[in-house]
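For reference, the structure discussed in these notes is given below.
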Amino acid sequence: MKLTVLGAGAWGTALAASWASQHAVTLWGRNARDVDTMRASRVNTHYLPGCPLPSSLALSADFDRALEAAELIVIAVPSSGLRATLAALARRPALPPILWVCKGFEPGTRRLPHQLVAELLPAGAETGVLSGPSFAQEVAHGYPTALTLASADIALAQRLAEALSGNRLRLYAHDDVVGVEIGGALKNVMAIAAGICDGLNFGHNARAALITRGLAEMTRLGVDSGGRFETFMGLSGLGDLILTTTGDLSRNRQVGLRVAKGQPLDRILDELGHVAEGVTTAREVAALAAERGVEMPIARMVCRILFEGLPASEAVDSLLNREIRSEF
């Protein structure tokens with residue numbers, strides 16, 4: 001299959017490199033100079049250092065040329081860039097199936113990726129989302145990884161899951177697009193919370209409690225949004241939550257660790273050099289939960305720490321001193 005990955009960040013590069021052993025893959029990046037450097041060195045030194053790119057992987061900064069004869073398009077740009085990418089695709093005369101791998105809400109609108117897809121792409125477009133517990137470096141190195149591929153068209157999800165599995169990457173088909181998207185977005189907020197917890201040296205008990213109650217918050221908002229409960233017990237929910245709240249490669253967890261040490265958020269993000277979707281998502285989720293009356297105290301406290309200057313230790317005390325209630 002001929003497929004094009006749009007977005008040469010860490011995740012787009014890792015997926016393109018993994019699939020290049022089985023398919024004819026083109027990786028598109030918007031910066032021509034960076035693409036030329038990658039083509040010469042066969043390494044994405046900025047986003048994925050230490051992971052050689054296979055010789056079969058084509059690289060391009062020409063949007064139209066990269067999409068020529070593509071049988072599948074995978075959008076791997078951040079949530080903030082999804083609208084522009086979809087708008088560019090919508091101008092094309094015909095489109096193959098399209099997957100997106102970004103995790104989060106559109107800043108300022110609180111819209112999920114599938115809602116932007118419905119707004120911008122032609123009716124009847126074949127689309128889906130790929131999500132789950134995955135660090136780009138591990139996928140690029142060929143470490144075993146399992147992900148969820150969800151589409152409203154379960155037959156499409158099954159067909160693409162079969163085609164894209166291999167090279168120690170296993171995909172499971174699902175049809176709950178909303179649940180998969182909500183899980184992928186909210187786990188980033190909980191990863192920031194877990195980083196704060198660890199940065200304050202609160203121990204393993206506190207982290208376990210935070211992960212468990214964080215899953216409850218994810219599920220509440222997900223079901224309220226139309227997702228299914230069982231989705232949050234799967235790879236794109238619990239699986240992704242465990243990875244990003246405990247793994248040191250998690251950018252969102254790193255944000256939390258450094259916030260807990262008192263570092264300014266702007267400096268953290270500048271030095272990180274990569275997108276940490278959970279920072280933007282925290283604000284959107286807190287507003288969405290308040291609008292709908294969905295109880296999400298952890299997400300709300302993360303938002304207050306990041307944007308309202310609430311000291312992390314005070315936020316923890318506030319959570320622990322809430323009214324005692326039934327667990328379920």
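Glycine is no exception: its Cβ is also placed from the backbone N, Cα and C atoms.
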Same-site residue for sn-glycerol 3-phosphate (record: Swiss-Prot; known: Lys103, Gly132, Ser134, Lys187, Ser250, Arg251, Asn252; options: Asp198, Asp240):
Asp240
Per DSSP, Lys187 (sn-glycerol 3-phosphate binding site) is which: helix, strand or coil?
helix
For Glu277 (NADPH binding site): intrachain residues, at least 6 apart, with Cβ closer than 8 Å:
Pro78, Ser79, Cys102, Lys103, Gly104, Ala185, Asn188, Asn252
Neighbourhood of Ala136 (NADPH binding site) by C-beta distance under 8 A, where only residues 6 or more apart in the same chain count:
Ala10, Trp11, Thr13, Ala14, Tyr47, Leu48
Looking only at Cβ atoms, how many others are within 10 Å of the one on Lys187 (sn-glycerol 3-phosphate binding site)?
33
Find the shortest Cα-Cα separation between Val275 (NADPH binding site) and the binding-site residues Gly132, Ser134, Lys187, Asp240, Ser250, and name the residue that gives it.
Ser250
